[in-house]
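Colleague: Okay, these came from Swiss-Prot:
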- 1-18: signal peptide (SIGNAL)
- 21-242: domain 'Peptidase S1' (DOMAIN)
- ASN44: N-linked glycosylation site (CARBOHYD)
- HIS65: active site, charge relay system (ACT_SITE)
- ASP109: active site, charge relay system (ACT_SITE)
- SER202: active site, charge relay system (ACT_SITE)
Amino acid sequence: MQALLFLMALLLPSGAGAEEIIGGVEAKPHSRPYMAYLKFTTKNGSKERCGGFLIAPQFVMTAAHCNGSEISVILGAHNINKNEPTQQIIKTEKTFVHPKFQYLSGFYDIMLLKLQKKAELNSDVDVISLPSSSDFIKPGKMCWTAGWGKTGKNNPLSVTLREVELRIMDQEACKDHSDYDYQLQVCAGSPTTSKSIGQGDSGGPLVCDSVAHGIASSYEAKAPAVFTRISYYLPWIYKVLKSK
């Protein structure tokens, strides 16, 4: 139940009050050309948003708990309230949720979106590399995540892309999370600072040395954030990418 609560918090409407924030700075416009902004409708009919990232011209990776209907993807965005000439808005043709996804625990929180057409790659819209199966990031590594989530507990969701640097933590650091599996997930942040993912940041990448190692999955007050560990899922990912 505890895991369910903080997964739900990442998707709460802007007035619902999440406990943690991204706590970073505004990103340089279009400096992260792989970033995707997702808009979708939940089962109860509410309009929500998540982050994601482009891993192939026609595929976006995000969190499985960001699934919904009428998923629209905006690429090349910095300010999502403006009609920027760099933006490419593409609807989703098909969703691929990991068959073992568990909403309550947050395990296998990964989803691929096949776009209706390929993105036009350029300096503002581009793919990000994935790790190898043996690329297991170790504690102490400094990485980055980004998103359009809330900038403070009582602040609205950000309209511009923000980024924050996080430290990869060891297993002990995520002991406050009711469900955590070191093989399936990455623990990043700090238990003593407010730098973390938060409301509206789900699905965004954890980037280390220009490689996407994680997917923003869940967070909890006074604990590091949890990211889905991408290297574990590579066989499934490449199987989906090869599908028609």
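Keep in mind that glycine also has a Cβ here, set from the backbone N, Cα and C atoms.
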Colleague: Name the one residue among ASN44, HIS65, SER202 whose Cα is closest in three-dimensional space to that of ASP109 (active site, charge relay system); these are the recorded positions.
Modeller: HIS65
Colleague: Look at each of the recorded positions, ASN44, SER202, and point out the one with the fewest other Cβ atoms around it within 10 Å.
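Modeller: Candidates: the recorded positions ASN44, SER202. Fewest Cβ atoms within 10 Å: ASN44.
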Colleague: Average the per-residue pLDDT over the domain 'Peptidase S1' (21-242) and send me the rounded value.
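Modeller: Mean pLDDT, the domain 'Peptidase S1' (21-242): 90.
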Colleague: Between HIS65 (active site, charge relay system) and SER202 (active site, charge relay system), what C-alpha distance do you get in Å?
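Modeller: Pair distance, Cα basis, whole Å: 8 Å.
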Colleague: Using DSSP reduced to three states, classify HIS65 (active site, charge relay system) as helix, strand or coil.
Modeller: helix
Colleague: What Cα-Cα separation, expressed in whole Å, is found between SER202 (active site, charge relay system) and ASN44 (N-linked glycosylation site)?
Modeller: 19
Colleague: What does DSSP say about the residue listed as 'N-linked glycosylation site': helix, strand or coil?
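Modeller: Note: the residue listed as 'N-linked glycosylation site' is coil by DSSP, not helix or strand.
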Colleague: Quick one: give me the count of other CB atoms within 10 A of the CB of ASP109 (active site, charge relay system).
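Modeller: I get 28 for this one.
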